[in-house]
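Heads up, the thing below is written out as structure tokens.
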Amino acid sequence: MKILGIDPGSRNCGYAIIEKNVRKTALIEAGLIKIKPNTLQYQITELCEGLDVIFKNHKFDEVAIEDIFFAYNPKTVLKLAQFRGALSLKILQLHGDFAEYTPLQVKKAVTGKAKAQKEQVAFMVKKILGITKEIKPLDITDAIAVALTHANNLCLR
């Protein structure tokens, strides 16, 4: 089963593709959709075009995204919500249904602690997948964690 995990953001959107079977889980690809500083419309277009490339190169059984976190700055929340809306629409157009997880759910699923730091999530992601090299930036490890969370939830169904 091929799962796409996405960690949306207004500067970078992390993505990860994992393959899960009965015996093991493997990381197929992970990276960033880099969003350059520009008008919001242009940034949303960049995000959607980045997703087009990912979906053109891969077929997925499942897609999961991390829900936006609470931010104190109302402008940040509005911008993230607009990115999230565009991302949701694009996934629905390209794939159909997708799963959503809060940051706390992802952290708890991967580390056992809902309040874990991003570095702890990165450490556990590497440990779970048997990866020795460093994965940077943390947007990528967050996306891998989203995919792993969804893979684990599918096993529980």
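Glycine is no exception: its Cβ is also placed from the backbone N, Cα and C atoms.
The shown structure was predicted, so the numbers you read here are calculated from the model rather than taken from an experiment.
For reference, Swiss-Prot has these:
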- ASP7: active site (ACT_SITE)
- ASP7, ASP139: Mg(2+) 1 binding site (BINDING)
- GLU66: active site (ACT_SITE)
- GLU66: Mg(2+) 2 binding site (BINDING)
- ASP139: active site (ACT_SITE)
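Classification of ASP139 (Mg(2+) 1 binding site) by DSSP places it within a helix. Remark: ASP7 (active site) has CYS13, GLY14, TYR15, ILE65, GLU66, ASP139, ILE140, ASP142, ALA143, ALA145, VAL146 as non-local neighbours, by Cβ distance under 8 Å and separation of at least 6 in sequence. Secondary structure at ASP7 (active site), taken from DSSP and collapsed to helix, strand or coil, is strand.
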